[in-house]
Amino acid sequence: MAAVQDGPMELDAEKETKPEILSDGTSNLSGNTASGTMSSSPLTAAPAGGAPKMEDQQTLIAVLQFLKRNKLMESVDILRREAGLGEDQEDSQALDGSGGVKGDGDGGDTNSLLSRVSMASAAAPQSTLTPMPAKSANDQPDVSVVLSAYSQQGDPSLYKVYYSDLKNFIESVLDCHRAELSQLFYPLFVHMYLELVYNNNENEAKAFFEKFSGDQECYYQDDLRVLCGLSKKEHLKGNEALLDFRTSRFVLRISRDSYQLLKRHLQERHNNQIWNIIQEHLYIDIFDGMPRSKSQIDSMSGSLAGEARREVNKVKVFYGLLKEPEIEVPLDDEDDEAENEEGKPKKKKTKKDSMGSKSKKQDPNAPQQNRIPLPELKDSDKLDKIMYMKESTKRIRLGPENLPSICFYTFLNAYQGLTAVDFTDDSSLLAGGFADSTVRVWSVTPKKLRKVKSAAELNLIDKESDDVLERIMDEKTASESKILYGHSGPVYGVSFSPDRNYLLSSSEDSTIRLWSLQTFTCLVGYKGHNYPVWDTQFSPFGYYFVSGGHDRVARLWATDHYQPLRIFAGHLADVTCTRFHPNSNYVATGSTDRTVRLWDVLNGNCVRIFTGHKGPIHSLAFSPNGKFLASGSTDGRVLLWDIGHGLMIGELKGHTDTIYALKFSRDGEILASGSMDNTVRLWDSLKAFDDVETDDFTATTGHIHLPDNSQELLLGTYHSKSTPVTHLHFTRRNLLLAAGAYNSQ
């Protein structure tokens, strides 16, 4: 298939003079009426090659004549005043044959001038005709500057006519084009409403909202409720959501045939009002080929900023796993005896040896081992790896015919105060974050929690003894749980370090705290977020951790640095959940802007944007092999993503409430999801991934055909009595642990 941008050389040249350009390479619409095109170039572009002043004055006259014909006298007066042009001077120039703007003749120059200035009327009250560089969506412009783009664009009473005309046109076209062009309704509705509000046309704005708000898709209802509250110009200033919507161009993916149909209609109807908004506030991602169906469009739509640009999801991602360090696994006598009893010692031994020398070959999709600096393995880490490998040999192989047992940890008398849960990788400890600002740690094994002895007592210990690690622990402090005090607001995220020596917690007080599980005290408070921190998670290798919060950014930290190492900015709303990729080179974030983003830890760039959820995203999980990502949201759906191709490959429907927990089994064959609907559901992830065929056409166009096979993939549904599921965890032997607080209401 042809690429979207089929005129890269022209685009590069045009970017210097044009503030906004469509992505199809055909947006240099010259205004030649014979070719049936319209202008997309406002008068912010300076004449090339130092054109004479006379030509500038002729252009000014053309603008004034155009405004007069449309009875925009206020704009005429302001423009004339700013340009220093007298009325008599204008009349004399207009009568001059070189002006050529009177009447509606077929002359190409006249129409070219008129079409070139079609957008100038929008900026006339606020701006002069000097070159104006475009602002990128990543800049944080001044609110007043951003809002000035909503200056008077025409007769406010005609806004309903413009919108109705487009609506009637779209509803009358062929079904194959209607689904694609219907995507325009929501962004045009929002921008036209905001223009009316900004220009103090409150009554017209209210009437416009009441007439057309009911036509918008159901998943935009929350956004429309916010928009409804912005009824006065004063409300717009300082509104972050509005600022984001204005500066991040809404992305629509439309086939070339549908786009040409739209362009021809707007040109024939002289509907410059709609065209200006499309040019200035939308990004049309045009592709060659058949238009997408309604189901294909619905599966990808729903986010605050439309779909993702296809070029964003084509960046190379190293999703493979890092090569495991070679560790010799000793086979002690007890293990040998156990194997002999089972009658298959050789098979067991071979399996352990292969685990010890895992991943001898470098995965071609894996990053370089030293792409990011990772902490070196300590002796204790190596011992833990050996224990992990031994337990892996006893792991139960799960599948449709062999589902896991589920052990549910119910928090009683929590009074709905439980806000976060985490288990250690070896399933020995459980931590809970609570609304009363405390963090509590439990031992879920018979082994009790003990603090390290005081410094004075440690000096008396023989450091050369074999059991020194036991001797340093104070038996007098042994208990089944510990309470950690320090936060001054509800704790929304907790995460254990891989070595079980530390615990992270994030809170409404805008801090992240690092706790020692040897002394059960706070070691560091990390301050960088300005608002509540909704989630935090340790890297699979320790040392690094990530956090996300209400300030709409995620931050990458290292435990020995007070300041963040990376700031991942791009989400348009709160970052609600964060997860490290198994190779630690990438971080996934979910947001209330209804998108999932994948960030490169090395350079901080966003390398994937996944759209399709219809509500805020609250849970993420990577598959053990690093190839796939699962996300869950308030819409009750689990979406599956192919990281390498940047595509949605599955949709799991069944939950009736927000999904707060997702976890793949250790071998990746089962995906477990936990929800506020008090259920745990098990899905056949292996079948879900195997059923999808990602060909080159699909990868290029982003077209997906999702099979409606949720019931086939659902392996089991398990109900709790009245306990929403907050967290899920598979043990090293594939037992599923679930946790949540009992809700008596």
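Backbone N, Cα and C define each Cβ position, glycine as well.
Here's what TrEMBL has on this protein:
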type	residues	note
REGION	1-52	region 'Disordered'
COMPBIAS	12-21	compositional bias 'Basic and acidic residues'
COMPBIAS	24-43	compositional bias 'Polar residues'
REGION	84-113	region 'Disordered'
DOMAIN	154-282	domain 'TFIID subunit TAF5 NTD2'
COMPBIAS	330-340	compositional bias 'Acidic residues'
REGION	330-377	region 'Disordered'
COMPBIAS	352-363	compositional bias 'Basic and acidic residues'
REPEAT	411-452	repeat 'WD'
REPEAT	484-519	repeat 'WD'
REPEAT	526-557	repeat 'WD'
REPEAT	568-609	repeat 'WD'
REPEAT	610-643	repeat 'WD'
REPEAT	652-684	repeat 'WD'
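Each residue of the repeat 'WD' (568-609) gets a DSSP state, and the totals for helix, strand and coil are 0 helix, 24 strand, 18 coil. Most Cβ pairs under 8 Å to the repeat 'WD' (652-684), among the stretches 411-452, 484-519, 568-609, 610-643, belong to 610-643. Sorting the repeat 'WD' (652-684) by DSSP state (H, G, I as helix; E, B as strand; all else coil) yields 0 helix, 20 strand, 13 coil. Across the repeat 'WD' (411-452), DSSP helix (H, G, I), strand (E, B) and coil residues number 0 helix, 22 strand, 20 coil. Confidence over the repeat 'WD' (526-557), given as mean pLDDT on the 0 to 100 scale, stands at 95.
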